[in-house]
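Per Swiss-Prot, the features are as follows:
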| type | residues | note |
| --- | --- | --- |
| ACT_SITE | GLU58 | active site |
| BINDING | HIS61, HIS123 | heme o binding site |
| BINDING | HIS212, HIS274 | heme b binding site |
| DISULFID | CYS35-CYS42 | disulfide bond |
| DISULFID | CYS188-CYS194 | disulfide bond |
| TOPO_DOM | 1-6 | topological domain 'Cytoplasmic' |
| TOPO_DOM | 28-62 | topological domain 'Extracellular' |
| TOPO_DOM | 84-93 | topological domain 'Cytoplasmic' |
| TOPO_DOM | 115-118 | topological domain 'Extracellular' |
| TOPO_DOM | 140-156 | topological domain 'Cytoplasmic' |
| TOPO_DOM | 178-210 | topological domain 'Extracellular' |
| TOPO_DOM | 232-242 | topological domain 'Cytoplasmic' |
| TOPO_DOM | 264-271 | topological domain 'Extracellular' |
| TOPO_DOM | 293-297 | topological domain 'Cytoplasmic' |
| TRANSMEM | 7-27 | transmembrane segment |
| TRANSMEM | 63-83 | transmembrane segment |
| TRANSMEM | 94-114 | transmembrane segment |
| TRANSMEM | 119-139 | transmembrane segment |
| TRANSMEM | 157-177 | transmembrane segment |
| TRANSMEM | 211-231 | transmembrane segment |
| TRANSMEM | 243-263 | transmembrane segment |
| TRANSMEM | 272-292 | transmembrane segment |
Amino acid sequence: MHKRLKIYSVITSIGVLIVLLQGALVTKTGSGEGCGATWPLCFGEVIPTNPAIETIIEYSHRIVSGLVGAMIIILAIWAWKQLKHMREAKALSFAAVILIIFQGLLGAGAVVFGQSKAILALHFGISAMSLAAVVLLTILAFEDGREHTMAPKVSRGFKYYVFFVITYCYAVIYSGAYVKHSEATLACAGFPLCNGQIFPGLYGPVGAHYFHRVVGTILLLFLLILMIWTLSRYRHYRVLTWTAVLSFLLVVGQFISGISIVFTQNALSVGLIHALIISILFSALSYMTMIITRPSH
């Protein structure tokens, strides 16, 4: 059912992922001021003359973000109408629109008015949530028409643990974005020690970097527990099991890419992979959260 909606939702999901990676590229290359303090124009021009590479990166991000934002709104309206009989469709459609608007306002505000590092870090976190909302709408489009949707019966304790893990994952995403915006990516040399110290303190750029290392490592342990719990108690739910295993594999990849950033001196490709993996991980956990909150069959 809804073949065109399925195709469109997949394309939109890919578009959101591209916007997310473009945003990470803007931050990694310091291109946030590539268009000066003007928005939506670039240095007051529709097409900037003799643009520097930073200008091209920033302005292309704005253009693609605008196009994908329009695509998300269309998807939300389409899903609201075609999937309204599905439990999560309206809430996800509403969330997708609100998140993309909020994301755009944060980006525009950062350019025109400037923002603190704490506020700027929200931008990437909202992007991850926006991706998750669109991905879940895409999944709903593919689920529609099936005799039974995935609705595993799990314990209350398991549900609460998943809620805790996804909330904690978002906090880790925020801490990583804060590290980037505070230019603390290379504040800790070496691994596992930080500048030759077991505990360098929690102040300044070094503290921000070290804190992110610690909370990231703890996330890996939390997802290991989630995988073991799922395999031991809910192995008969194949989708739930594979989501838990995938989440753990993703966080392992995230851990490795994070270490690689230090040893490659913040190589651009490694940094983008780091941003990509955590965004996919958050979407996977969002899917798990969605299916375990459904009334069981």
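The first residue you see is number 1, and the count goes up from there.
Cβ coordinates are placed from backbone N, Cα and C, and glycine is handled just like the others.
Values in this document were obtained by computation on a predicted structure and should not be read as measured data.
Features as recorded by Swiss-Prot, highlighted on the structure.
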residue	record	DSSP (3 states)
CYS35	disulfide bond	coil
CYS42	disulfide bond	strand
GLU58	active site	helix
HIS123	heme o binding site	helix
CYS188	disulfide bond	coil
CYS194	disulfide bond	strand
HIS212	heme b binding site	helix
HIS274	heme b binding site	helix
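When Cβ-Cβ distances under 8 Å to the transmembrane segment (63-83) are tallied for each of 7-27, 157-177, 243-263, 272-292, the top count falls to 7-27.
If you take the Cα of GLU58 (active site) and the Cα of CYS42 (disulfide bond), they are about 9 angstrom apart, rounded to a whole number. 272-292 is the stretch from 94-114, 157-177, 211-231, 243-263, 272-292 with the greatest number of Cβ pairs below 8 Å to the transmembrane segment (7-27). Segment contact is absent for the transmembrane segment (157-177) and the transmembrane segment (94-114), given fewer than three CB pairs below 8 angstroms at sequence separation of 6 or more. Mapped onto DSSP classes, the topological domain 'Cytoplasmic' (140-156) shows 5 helix, 0 strand, 12 coil. For the transmembrane segment (272-292), the neighbouring stretch richest in Cβ pairs under 8 Å, chosen from 94-114, 211-231, 243-263, is 243-263.
Note on proximity: of the recorded positions CYS188, CYS194, HIS212, HIS274, the one nearest CYS35 (disulfide bond) is HIS274, by Cα distance. Note on HIS212 (heme b binding site): other Cβ atoms within 10 Å of its Cβ, all shown chains, come to 23. Ranking the binding-site residues HIS61, HIS123, HIS212, HIS274 by the distance of their Cα atoms from the Cα of CYS42 (disulfide bond) places HIS61 first. Residues of the same chain lying 6 or more positions beyond the ends of the topological domain 'Cytoplasmic' (84-93) and with a Cβ under 8 Å from any Cβ of it are 75-77, 133, 136-137, 140, 143-144, 149, 290, 294. In sequence order, GLY176, GLN254, SER257, GLY258, ILE261 are the residues near HIS274 (heme b binding site), counting only same-chain partners six or more apart with C-beta under 8 A. Note on proximity: of the recorded positions CYS188, CYS194, HIS212, the one nearest HIS123 (heme o binding site) is HIS212, by Cα distance. When the Cα atoms are compared, CYS188 (disulfide bond) and HIS61 (heme o binding site) turn out to be 30 Å apart.
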